[in-house]
């Protein structure tokens, strides 16, 4: 397994792989890997000859300095996990390598509308940071396929639109959420939970499941469903942050034409922000 830290060496390797006719899969990550990431790697192996994982804690997508400072950085441990999964290349650049002229002078890639609604409304600039760095990774790696988890559902939809709008010749493969036995979605932030908080954390999934059951039964009173879910979270020690029910394809409010809904939930448990999502068929 090659560990590459510079764009110069990465481009050299990509050129060689392309000349050899290799099919390339990219799995972009911010490190601190868990079972969800490893599922992405396993799926990538099915779709390509060469699997490349990037590890980069992207400062452009953080809207709080404290979050950036506290984000776990576990490069050595991550590389051991990726080696065990037979990843071919790990691209682990520094911020200086990715933004040599500084972020304030960086050309921006931003998907309109989708980036400013739902979670984007309360985190201005977050998705712009995501799409900017992902577009840079796409240009550097030139993958045939790229894999993203469905837990960050709005991010997934934004990246799909960016790929379509900018004519990237890349197939985006969504990978279902990986959960532990309690239903809690694997997340890099789970490590930040105390022992007591880990016992409370599955309530987020349970609240989402309650909404899903109501939607399946035909209850489309979105406001009532969200109020009930938020009350459940607050009673269990959470601070509800972002809770939405919308059309899974457009991220617009549900309508009579909606065939599939998506539940998007984010809540604080102590000092840790947890997110989750679930799609629900309405037909």
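Cβ coordinates come from backbone N, Cα and C, glycine included.
What Swiss-Prot records for 30-37, 149-152, 178, 186-189 is ATP binding site, and it gives sequence analysis as the kind of evidence. Per Swiss-Prot, active site, proton donor is recorded for 37. The beta-alanine binding site annotation in Swiss-Prot covers 61 and rests on sequence analysis. Residues or ranges marked as (R)-pantoate binding site by Swiss-Prot: 61, 155.
Across the fold, the C-alpha of residue 36 (ATP binding site) and the C-alpha of the residue listed as 'beta-alanine binding site' stand 20 Å from each other. Among the recorded positions listed (37, 150, 155, 178, 188), 155 has its Cα nearest to the Cα of residue 61 (beta-alanine binding site). Taking the C-alpha positions, the distance from residue 150 (ATP binding site) to residue 37 (active site, proton donor) comes to 11 Å.
Distance from the CA of the residue listed as 'active site, proton donor' to the CA of residue 30 (ATP binding site) is 10 Å. The Cβ of residue 188 (ATP binding site) lies under 8 Å from the Cβ of 30, 31, 32, 33, 34, 71, 72, each of these being in the same chain and 6 or more residues away along the sequence. Ranking the binding-site residues 30, 33, 178 by how many Cβ atoms sit within 10 Å of each one's Cβ puts 33 at the top. The 10 Å shell around the Cβ of residue 150 (ATP binding site) contains 18 further Cβ atoms across the protein chains shown.
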